[in-house]
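Undergrad: There's a structure below that I have some questions on.
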Amino acid sequence: MSSKMVISEPGLNWDISPKNGLKTFFSRENYKDHSMAPSLKELRVLSNRRIGENLNASASSVENEPAVSSATQAKEKVKTTIGMVLLPKPRVPYPRFSRFSQREQRSYVDLLVKYAKIPANSKAVGINKNDYLQYLDMKKHVNEEVTEFLKFLQNSAKKCAQDYNMLSDDARLFTEKILRACIEQVKKYSEFYTLHEVTSLMGFFPFRVEMGLKLEKTLLALGSVKYVKTVFPSMPIKLQLSKDDIATIETSEQTAEAMHYDISKDPNAEKLVSRYHPQIALTSQSLFTLLNNHGPTYKEQWEIPVCIQVIPVAGSKPVKVIYINSPLPQKKMTMRERNQIFHEVPLKFMMSKNTSVPVSAVFMDKPEEFISEMDMSCEVNECRKIESLENLYLDFDDDVTELETFGVTTTKVSKSPSPASTSTVPNMTDAPTAPKAGTTTVAPSAPDISANSRSLSQILMEQLQKEKQLVTGMDGGPEECKNKDDQGFESCEKVSNSDKPLIQDSDLKTSDALQLENSQEIETSNKNDMTIDILHADGERPNVLENLDNSKEKTVGSEAAKTEDTVLCSSDTDEECLIIDTECKNNSDGKTAVVGSNLSSRPASPNSSSGQASVGNQTNTACSPEESCVLKKPIKRVYKKFDPVGEILKMQDELLKPISRKVPELPLMNLENSKQPSVSEQLSGPSDSSSWPKSGWPSAFQKPKGRLPYELQDYVEDTSEYLAPQEGNFVYKLFSLQDLLLLVRCSVQRIETRPRSKKRKKIRRQFPVYVLPKVEYQACYGVEALTESELCRLWTESLLHSNSSFYVGHIDAFTSKLFLLEEITSEELKEKLSALKISNLFNILQHILKKLSSLQEGSYLLSHAAEDSSLLIYKASDGKVTRTAYNLYKTHCGLPGVPSSLSVPWVPLDPSLLLPYHIHHGRIPCTFPPKSLDTTTQQKIGGTRMPTRSHRNPVSMETKSSCLPAQQVETEGVAPHKRKIT
């Protein structure tokens, strides 16, 4: 048998591969593609992988495999890679299971992916209301377990406190070189200082004025900036420098010199100071340090050298300039801060492209219209309606003592309710403007003044004037009440007419405006979509004259006399003779003037303040006497039931309560100026009505009057006269903080190209980008939340460059890997900033700058100790050294030590941020693991109940007060069934 088989074997030809027509149906390549066994490369990746590590890296390493001929085979490979995403192993075993079942957790994760970025009070279009309501309902119950889970993490951090002392050898060597080079920079300053003054950070007087930084002008932009790289083939990615990067990296001495480049020795800053004469010149790092003081703990320690110089000015007296240089190295530095210094350099190289553009081409700040969304009428109308409800009356939280303009003539801005307009805001013009988007206004009396949107402070000023004059003004005389029935009601009818705009002239009572014609005739249109007011004498149009001798109005036109039933202010008392109209009194020589006083007019309707929705044809709407007296302008009466002082006190009590108004619509805008010029002064400046819609909202987007002279506002610096940096860029900007001018030297870290606005998507510009490295110790549990200092850093960048977008690079401190790149838009940053007391931060900044302004010429040192509310001001010794002198060199003679603290620097997690294993396994962040599938019935019962019992409240307080993260584990992964056993 065997011999026969041997004889028959040569008949088989094994060299010919089997074929089916022209295509090979079985080959070695097909075998590899269809085989379920892993390839050699996959086996090598699996053998070198850490336990619990995301296998996205393995997918990138297998990209060099032969191309898959079938789409289904490619999907199988993706599923295999994703399927190997393991749940990380906890550092400390979980104490219990979650109250939510696996199905409930997966359902909530799906909803969290959809609606996590949507604000709670937003009116997003295209969302499923039922799902969104379900998400909000589940979120309430999830937050209860999140609180308990954060308490568990805090206790776990105490058990693993040694994790926070971890610092690799490379990181220790790198940070030591940087810190030693920074210590050498300290020797540039004086060695001995004597204590000059001790003051409080907040000052000894409370601040009640909301303030902010207002960008006056971008003076100079030098250097270039690189593009940011935000897309990587796999995550997490190892942060390490390549050979090319190591060759191009700066030395520690160069890095320290760039960090401590004094603005007092900057020739560019000296030239700009001599031209623009700011009181303060500081760096962006010193600005952040002065803002990063959060009470009541004030945990940050810092020392800032200050140089005060007096520079001569041609044709004027010398000017004192305060130079605030960059902060000195810290005396104490945590391991987390050292780790961040080490990881910041490779992250910078990894997220940078090779291409760069001049920094002068970057769209750093918002344009003069400040918001492109104002072109979108539907969104503007909604926002106006909200603003009008919140800003209907005075805001006594604001300091308006400097806003009184008694004896100063102002314009009269009239508004009329229109059923077609949902909500409007009057514009500061010479002629009355109807609250229509398409209103056309012609103002020949002052043609150089165009229509512009009024800011919130102007509206507050005008309303304050009305309240003050209602109480104090007694100059109107009783003669204006003689014809109360026909005059008062007639003017009130004109005001409350729902089909026609109020007809008034708002000319400026200046020396030129006092020579106006005796009669001005105004055209009114009863159309709901368009109203044109023309201030030319025209016999074809109805005219409105006011006789100042008898104060009687004669209205020509049938439409203005038909609104007897729509009168909203129908009170008839003898006290109505109190009419405050100084212009009428001054012009009582027989000349005729236009209707109304010199203050801005208001229609007698509760919906007529700062963009209120119009009344329409509501004829039966009643208005209280208080509202009618506050809102109507043509004739101001004090009613019998109206106690001016009492009502003002009531309004003050109501308005002193917390309101839901957003404080900083734009972080860099100055919401309230304590020394704001009068309305007449503001109208004297140029304004561009063509770039503004006719009805804008009264928010921080309005452009206030600048503090620079017009010749300096339009002056363009010649970059060839200035010294550009060899690497990077310098941007010099001029800001105003109340009555202070600040010259800030900053830089743009990275840029990206994106559409200029939501409406103009085809126009793409370069915008600034700021990347914040964040070293974390709890990646096995989730993503750590931003601390107060990190939020303040992002906020400071938004102050300097209002068009900035932000990225937070979450870095695992144990593996040195970037495991999440979080993008934060400007809108999301505004929501996060609610955790900061921005008004207090500005108050501290202003108090320190005011204190520095009172010092004499010389060199000083600002010193703040950790957890201290006081500020020490040292002055450089003039050769006289005492025992109490502060030796700066001795203090910074060695490397900074590690602060000793009894508590672990733990930071709570952010329950709204999802990691890949959360999405893949359907696990809610910051919650305990669910029970196994074997107890499905019990799980559903326990999950649907969703216990609402409250847990210990001190948990949230502790997590809120803590400011640093917790631990991580190198072996994070564990099989799902093992996770459930724990």
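Cβ atoms here come from the backbone N, Cα and C positions, even for glycine.
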Undergrad: Region 'Disordered' per Swiss-Prot sits at which of 537-565, 595-623?
TA: 595-623
Undergrad: Going by Swiss-Prot alone, which of Ser17, Ser624 is annotated as phosphoserine?
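TA: Among Ser17, Ser624, the one Swiss-Prot marks as phosphoserine is Ser17.
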Undergrad: Starting from the Cβ of Ser326 (phosphoserine), draw a 10 Å sphere and report how many other Cβ atoms land inside it.
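TA: Here the count is 20.
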Undergrad: Based on DSSP, name the secondary structure state of Ser326 (phosphoserine): helix, strand or coil.
TA: coil
